[in-house]
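Undergrad: Just dropping this structure here.
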Amino acid sequence: MKLKLSTPLNAEKLYIISVSGGVDSMVLLDYLFHQKIPLIVVHFNHLMREEAILDKELVFNYCQAKKIPFHYFELNLPKKDFQNQASLLRKKRLKEVAVQYETSYCLTAHHLDDLAETIFLKMIRGSSLLGYSGIQPSYQEDDIFFLKPFLYLPKEELIRYAVERKIPYLEDRTNSLNIYTRNKIRNQMIPLLKEERHFLKNIQKFHWQTAEAHDFIRSQSRFFLSQQTLSEVWNLEAFLLLHIAVQKDILLTSLEDKKISKNFTLINNIIKGLKNRHKPNAEWDLNNEWFLLKQYDQLLWQKKVLLEEERLTKPLLYGCVEKKLLSFCQEKTTLFYDAGKVKFPLVLKQKEDGDMVKFPFGSQKLAKFLINKKIPLSKRKKLWLVVDQNNTVLWIPHLYINQTLGKTKTFNLGINSV
């Protein structure tokens, strides 16, 4: 009996294979062994069942008889979010073994029934287009390729193969317990749906169609990103001309690349904010490391920089300003003010809420002044101001000079570039 693999394997390459002792992984192990595919077996014990030791003995004895290298890991995990955490840790251990043996390929024995379960699970919990397509036959994570050669084979076919070849296997009794949503789908939904002709075949078609649609959208996303001069700075007008599906995929891809948890409500809110023509500036706090900024005609991904809050209180006329605080100044600047109208000492400070700027015709909130000047939000937060004791703003480098303080009995404030 010949099994049709979803991904071809190369007998000249070494593969790390995860084997639980169940029918699907034992059939994959036996089939590939007889195809003379070089293998390294990894077995996991989740410490949830006393009989798990029997699974280990089964896999170990098979590997010992066939002279296949065997690796064993115990995974001690909290019960909360157990299945997801177990999956992540198994993947991590498989990567470690792959690195140890200097190979780039890991195999798991997911089959067509698993694919159907995953699609329904994603529909229940919500996902992306790629997520709704279910399990992918292959994908790359870091430098490791994860392959699923049995993905398009129904479990019944694997059981028949095991019986014909007399391949030993054990069933995990917890798979029959409806304690997880996936188990309920496996034990209650799938058997009922299988009564309909061609159910699994149509699941496979759905998987292909959604995966193909995702691939097309992702290609459009990559093209847009390739056209941006800087990877973290995007042309907002060009972005908004894209189809909404491509916009969402670009944001989703960027969140994934930056290890930010996928949040579809957040993505929808970002797109809504980007389309708002009445607010040329907006900011989204994504996590402890990243901001997303809308600044007029640009969309920027900005890393957070942790700075100690500091305020200079030493008089500028009589003291020495630290050089790092004056790095904004590119040329020598001399300001002339009426000494009788300025309240000393002068202070160099960062912008604060409530700051005002004065003009011969009146005064204006600094925030409004900066908006009118179309100064991006990210730059507004970094501005330095020279103020007097009354908090009267005298100077903002390259933006503002107070011209309301006259020039009788003048003093000059000279600042050199550093």
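Keep in mind that glycine also has a Cβ here, set from the backbone N, Cα and C atoms.
Sharing the features that TrEMBL gives for it:
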type    : residues                                 : note
BINDING : SER20, GLY21, GLY22, VAL23, ASP24, SER25 : ATP binding site
DOMAIN  : 346-407                                  : domain 'Lysidine-tRNA(Ile) synthetase C-terminal'
Undergrad: What other residues of this chain sit with their CB within 8 A of the center of the CB atoms of SER20, GLY21, GLY22, VAL23, ASP24, SER25, the recorded ATP site?
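TA: Close Cβ neighbours, site residues excluded: VAL19, MET26, VAL27, ALA109, TYR169, LEU170.
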Undergrad: Per DSSP, how many helix, strand and coil residues does the domain 'Lysidine-tRNA(Ile) synthetase C-terminal' (346-407) have?
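TA: Secondary-structure breakdown of the domain 'Lysidine-tRNA(Ile) synthetase C-terminal' (346-407): 11 helix, 22 strand, 29 coil.
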Undergrad: When you measure from the Cβ of GLY21 (ATP binding site), how many other Cβ atoms are you left with inside 10 Å?
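TA: Excluding its own Cβ, GLY21 (ATP binding site) sees 22 Cβ atoms within 10 Å.
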Undergrad: In three-state terms from DSSP, label ASP24 (ATP binding site) for me.
TA: helix
Undergrad: If I restrict to non-local contacts, at least six residues apart, and a C-beta distance under 8 angstroms, what lies near GLY22 (ATP binding site) in its own chain?
TA: ALA109, TYR169, LEU170, GLU171, ASP172
Undergrad: Going along the chain, which residues six or more apart from VAL23 (ATP binding site) have their CB under 8 A from its CB?
TA: LYS155, LEU158, ILE159, ALA162, ILE167, TYR169, GLU171
Undergrad: Measure the Cβ-based neighbour count of SER20 (ATP binding site), defined as the other Cβ atoms within 10 Å of its Cβ.
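TA: Cβ-Cβ neighbours of SER20 (ATP binding site) within 10 Å number 24.
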Undergrad: Just to be sure I understand the packing, how many Cβ atoms besides its own are within 10 Å of the Cβ of SER25 (ATP binding site)?
TA: 23
